[in-house]
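Sharing a structure, written as structure tokens. Questions coming.
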Amino acid sequence: TRLFSLSGDIVNKKQALLSSTNVNKLWGVGLMLFLPQMGYANPDQLASGILSRLYSRAFIVAEPDDSKRVVFVSADIGMVSQRLRLEVIKQLKSKYGELYRQDNVILSGTHTHSGPAGYFQYTIFLLTSKGLIKPSLNAIVNGIIKSIDIAHQNMKKGRIFINKGLVEKSQINRSPYSYLQNPESERNRYSSNTDKEMVVLKMVDVNGQELGLLSWFAIHPVSMNNTNLLVNSDNVGYASYLFEQEKNKGLLPGEGSFVAAFASSNLGDVSPNIKGPHCINTGESCDNLNSYCPVGGAKMCMAAGPGSDMIDSTKIIGQNLYLKAKELYTLASQEVTGPLHAAHQWVNMTDVTVQLNATHTGKTCKPALGYSFAAGTIDGVGLFNFTQGSLEEQPFWEIVHNQLLGEPSNETKECHKPKPILLNTGEISLPYAWHPEIIDVQLFTIGSLAIIAFPGELTTMSGRRLREAIKSEFESHGTQGMNVVIAGLCNVYTHYITTYEEYQIQRYEGASTIYGPHTLSAYIQLFRGLAKAIATNTVQNLPNGPEPPFFNITNLTLLPGVLADVAPIGKTFGDVLQEVQPQYRVGEVAEVTFVGANPRNSAQKTTLKTFLTVEKYETISGNWHVMYNDASWDTRFYWTKGLLGHSQAKVEWHIPSSAELGFYRIQYFGHYKVQPFLKPAEFYPFNGTSSAFEVVKL
């Protein structure tokens with residue numbers, strides 16, 4: 001057996017929730033409350049509670065002689081930013097030397113739209129994130145490092161198996177009119193306008209002990225829409241939760257050795273809101289080129305999930321993913337064998353010449369966003385009067401952006417045609433560059449498995465073309481039968497990547513293809529180069545390329561500071577303001593409201609592992625046993641900010657059918673802040689406890 005070599009060994013993977021200790025607390029709630037969520041670009045979507053914790057899941061694979069290693073991290077965040085990656089690699093180098101490097105570490109975001117903002121260095125993202133929030137950035141970095149540390153400390157000899165299968169009734173193409181622009185002959189090769197295939201890796205040690213699951217599937221984690229104010233990992237996070245709870249029986253979320261990651265793939269035009277787009281004011285379909293409603297316009301056109309509300313929809317889609325992954329995992333028998341390889345380059349994506357055919361070349365452009373970018377999608381509509389499919393400038397907005405940002409150059413306009421440019425981000429550098437020029441391209445092979453680390457959101461057909469190109473490149477150099485998967489939202493965020501044909505009608509995804517109409521061709525050319533280097537064993541000859549910048553952003557944030565906490569007269573922190581009822585039936589909601597304190601006070605407190613517990617009284621021992629915490633999908637934590645330091649915390653427990661009957665109580669934990677005159681702030685822990693209540697049958 002080998003330490004790992006896909007010929008009979010394994011990986012190591014080990015979860016570290018943004019911490020089993022408490023790193024995830026920092027990021028999951030404490031720092032996130034009243035911080036914008038990342039995904040819908042809505043600065044008013046401020047987190048005010050928690051539905052589930054956010055996790056980093058790390059997988060390390062090593063050769064039998066430990067001569068080579070690769071690391072894959074799937075983190076419950078919107079995407080990996082360049083600043084985040086640079087910080088992680090810097091810390092890994094400080095801790096491990098040259099063991100974990102730019103070339104052999106992939107960082108991938110699940111693309112939940114209900115996670116933290118504030119960890120970017122480019123201005124376009126700073127604008128909707130209230131700046132660069134250093135504590136938020138640091139918490140995510142520390143959580144990812146912690147997950148890698150735990151994996152590093154738990155290497156085992158083992159084996160990896162692969163399986164694939166189709167997931168049904170879980171996704172639709174949200175830009176079908178763009179998809180139809182692709183050649184009919186190409187579309188006829190596929191039975192659907194989305195990729196329904198899930199790829200699953202099963203990891204076991206040499207004794208057959210189950211270690212983990214790593215899967216890829218193309219779906220947007222936007223079952224939670226842009227009205228949601230609760231931190232959570234959305235549908236893919238719920239799938240991970242179900243799988244890990246099954247394998248780590250009897251333990252709380254985040255505890256136990258088994259790890260299940262549902263990583264992102266080519267999800268650019270794929271929605272989980274399978275009821276499709278309808279006008280929310282009239283109920284009629286708005287499945288048209290412009291996603292436009294006769295009454296109310298584009299802002300009324302929204303897609304709906306299969307459930308009664310967005311949390312129900314999240315659970316339905318997440319359970320679909322979990323059930324298919326469980327089936328594929330159970331039946332996985334094809335072993336992944338062979339050596340490890342990793343290739344990485346930095347590339348100036350604004351200046352790539354693409355060989356389109358024998359006689360014609362194309363070129364990428366300086367970054368720019370089109371008018372339809374501002375329209376949003378059927379999963380989250382945009383602002384003002386923008387619509388998808390806009391091919392002409394609007395005089396009013398042309399004047400606005402020309403006055404505020406300057407008119408795009410003729411070169412940029414020509415390069416991006418037919419995109420009408422709303423934001424010429426590649427030509428603005430104040431206070432910092434607005435979009436990245438230097439990006440990462442990266443490719444792993446683990447035996448017969450190739451993992452493309454893609455820095456953005458590929459549409460369905462874009463992903464198909466890229467996978468085919470990489471498979472073909474390997475075959476042309478004598479490497480047959482490669483399984484090629486795309487890991488999305490990796491290393492640096494470059495928005496969307498459509499096919500050349502999809503780009504022409506400029507729906508949201510095309511307008512958000514920031515390097516112009518030849519972006520996909522450029523990426524295919526670049527990743528082919530990495531595949532060729534691996535196949536011909538010439539990775540060492542690849543130029544590193546120009547390193548990305550690291551902006552010295554010392555203090556650029558609009559996030560308000562935390563006031564000293566104040567309890568109502570005659571009350572203290574943790575006192576109950578609204579008590580539970582004495583009895584609840586299964587299926588009902590137990591809730592209690594406490595005198596609260598700002599959860600951000602608890603961010604740095606390693607002793608605080610949860611803001612809440614639901615505890616059951618054990619009659620034999622006479623003790624209270626923790627059954628649920630704030631990482632459990634059956635609990636909700638809400639924090640309501642009042643005036644002058646006053647606040648309330650409400651805890652809900654949505655009692656599941658699996659709950660044991662008996663007596664329970666709910667506890668709330670936090671820290672309150674005292675600000676002495678001319679002295680550093682002081683923080684004091686507290687907790688509050690509800691009365692006991694009974695859970696009985698329906």
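FYI, residue positions are counted from 1 along the chain as it appears here.
Any Cβ shown, glycine's included, is placed from N, Cα and C.
TrEMBL: automatically predicted annotations, no manual curation.
Sharing the feature lines straight out of TrEMBL:
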type: ACT_SITE; residues: S271; note: active site, nucleophile
type: BINDING; residues: H111, H220, E457, Y496; note: Zn(2+) binding site
type: DOMAIN; residues: 37-525; note: domain 'Neutral/alkaline non-lysosomal ceramidase N-terminal'
type: DOMAIN; residues: 527-695; note: domain 'Neutral/alkaline non-lysosomal ceramidase C-terminal'
Cβ distance under 8 Å to the residue listed as 'active site, nucleophile', same chain, sequence separation 6 or more: which residues?
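When sequence neighbours closer than 6 are ignored, the residue listed as 'active site, nucleophile' has Q171, I172, N173, R174, H220, V222, A303, T377, I378, D379 within Cβ distance under 8 Å.
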Measuring CB to CB from H111 (Zn(2+) binding site), give everything in the same chain under 8 Å that is also at least six residues away in sequence.
G39, G78, M79, H220, P221, V236, S264, L267, E457, G488, L489
How does the model score the domain 'Neutral/alkaline non-lysosomal ceramidase C-terminal' (527-695) in terms of mean pLDDT?
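It averages 94.
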Take the Cβ of E457 (Zn(2+) binding site) and count every other Cβ within 10 Å, whichever protein chain it belongs to.
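If we count other Cβ atoms within 10 Å of E457 (Zn(2+) binding site), we arrive at 29.
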Which residues, in sequence order, are found in the same chain with Cβ within 8 Å of the centroid defined by the Cβ atoms of H111, H220, E457, Y496 at the Zn(2+) site, excluding those residues themselves?
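Everything else in range on the chain: S264, L267, G268, V270, G456, G488, L489.
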Suppose we draw a 10 Å sphere around the Cβ of H220 (Zn(2+) binding site). How many other Cβ atoms does it contain, all chains included?
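The answer is 26.
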Just to be sure I understand the packing, how many Cβ atoms besides its own are within 10 Å of the Cβ of Y496 (Zn(2+) binding site)?
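For Y496 (Zn(2+) binding site), the 10 Å Cβ neighbour count is 24.
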